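Before any comments, here is the structure.
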Amino acid sequence: MANIDLHFHSRTSDGALTPTEVIDRAAARAPALLALTDHDCTGGLAEAAAAAARRGIPFLNGVEVSVSWGRHTVHIVGLGIDPAEPALAAGLKSIREGRLERARQMGASLEAAGIAGCFDGAMRWCDNPEMISRTHFARHLVDSGAVKDMRTVFRKYLTPGKPGYVSHQWASLEDAVGWIVGAGGMAVIAHPGRYDMGRTLIERLILDFQAAGGQGIEVASGSHSLDDMHKFALHADRHGLYASSGSDFHAPGEGGRDVGHTEDLPPICRPIWRELEARILRPAD
């Protein structure tokens, strides 16, 4: 299977590269199809699509929606969306409006733990205050020398129970899937191997996702081991879900796979991009 990367990020959300830069970086691997999926926003899609067209690379409009499901935060990728669809645009805006207040609370929590200046420091890494995230705090903490690398900063400060973690109510699973499908796209559970869930809880998530109208699961992910990939291929097959593939690239040197670099899906999988042919933006001949 040719490289197909349907999950990566730009500076429009919490990536380190502009939409053009991240497409140019992916182009070095001669991908067959790309989709930019910034968190809770679609502002980088036009630039990314234009960059892909210049490079002769087929492109899908995408987004990654933050969801609260029970006590868990999960992410739902939307592929082949119309970013101008009013319900999707309004829903994403409602999510973004809560990010800045959460960031202020994170900064105050870190200051109470003895690390001052984190909110202002994180803002310097963020082009759009509406999109400030844990990743921007993490980059500040690494850059300031407080922590040696991104993996350590999340483990030490930015996960549940740690000083810089602030819980937040994101979109419901039903709303997120509804916005995506209503905008002409297909909804995909992103990087399921990252969630702190056992088999029973993952099964429940999949069933709730399908009941909401979800259609796919990210089998090949920069967050997944080969064992994870084969496990979620079996989940996809058992539940009749399409399989997707994405690097979840954010920045050079921050771990995981580089943009445009994905594993082949196991043979039992039904690739989701075959169902999205009509939504693919293809370079002019």
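Just so you know, glycine gets a Cβ as well, placed from its N, Cα and C.
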Discussion item. Based on Swiss-Prot, name the residue from Asp237, Asp248, Asp258 that is recorded for the same Mn(2+) 1 site as His7, His9, Glu64.
Written reply: Asp248
Worksheet item: Besides Asp14, Arg99, Leu100, Glu101, Arg102, Arg134, Thr135, His250, which of His39, His75, His224 does Swiss-Prot list for that substrate site?
Response: His39
Worksheet item: Out of His136, His140, His168, His191, which is the one Swiss-Prot records at the Mn(2+) 3 site of Glu64, His75?
Response: His191
Fill in: Inter-residue C-alpha distance, His9 (Mn(2+) 1 binding site) and His39 (Mn(2+) 2 binding site) (nearest angstrom)
8
Discussion item. For a quick check of understanding: given the listed substrate-binding residues Asp14, His39, Arg99, Leu100, Glu101, Arg102, Arg134, Thr135, His250, what is the maximum Cα-Cα distance in angstrom, as an integer?
Written reply: 23
Worksheet item: Where among the binding-site residues His7, His75, Arg134, His250 do you find the Cβ with the fewest other Cβ atoms within 10 Å?
Response: Arg134
